[in-house]
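According to TrEMBL, the features are:
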- 178-194: compositional bias 'Polar residues' (COMPBIAS)
- 199-209: compositional bias 'Basic and acidic residues' (COMPBIAS)
- 17-90: domain 'Agenet' (DOMAIN)
- 92-146: domain 'Agenet' (DOMAIN)
- 204-273: domain 'Agenet' (DOMAIN)
- 276-333: domain 'Agenet' (DOMAIN)
- 178-209: region 'Disordered' (REGION)
């Protein structure tokens, strides 16, 4: 693994305690996709050179040079690419557009939250992939500059979100092993695929193994998109354990599993082919960030089957190809209906 350093902070001096041998720090590394990642490491020694006398040998804590022998990786870094460990802070609410660092594959990746699924889970782009993280795997991005954190740490002292009621219990677990807390506080476990199928009662709208679409509800209670999922098992009070088909857990061990109310679940809409092209002002769903987002065709582009789509929820206009669009249908009273004609921008 090679290091492509990039100076971002102030130079270190001999008096900085966090650069002393034995100190646990974070080192800045850029991967092959030019993404900045912070890895935890231990200062081994200061190494003087003819061109730069502020270089340090560090040993990574979670990255191995030889995993079989247990040998941890050693690399040499400029002092400007080393910072102290950020102090722990209580979990807090995030919103789309926040600059954060998400913990993934033993490092903290810098980036921006692209989507909040609810108060406890967010979507984050790493290279060309969109991954889902719980808020306990995300921290606000901060810069270490001239011996201080920017923004200051006291800006983040807020009420912990864990003081609130957890209505949608999220589970960052192996999708083959389901575990959640019941109202009585005891843990229940069920292994998927063992043949223990629950019979569908009159109250149950969906069956185990049924493919569905689930609503992505924002913090204001509005549906942002519909995402493909599978019913894992029904639970009480018209709630279901579902497994997403496009969203993966933050540690990338499987697809995300969530408990949802039946009000936010629907069957997939029927496939209505559009053989040639969509027309201006057609109501459509656009496949974007793993989900189907409602919009309207505002322009048919001349260079082939591509379109400009105006999103209903945020007013953005984006370009899509024909295969990433479908005619929009509404699920009302357990029936699929076409929206009323007309432009609703």
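A Cβ is built for glycine as well, from the same backbone N, Cα and C atoms used for every other residue.
Confidence for the domain 'Agenet' (92-146), expressed as mean pLDDT, is 84. Residue counts for the domain 'Agenet' (17-90) under DSSP, split into helix (H, G, I), strand (E, B) and coil, are 6 helix, 42 strand, 26 coil.
Broken down with DSSP, the domain 'Agenet' (276-333) shows 3 helix, 33 strand, 22 coil.
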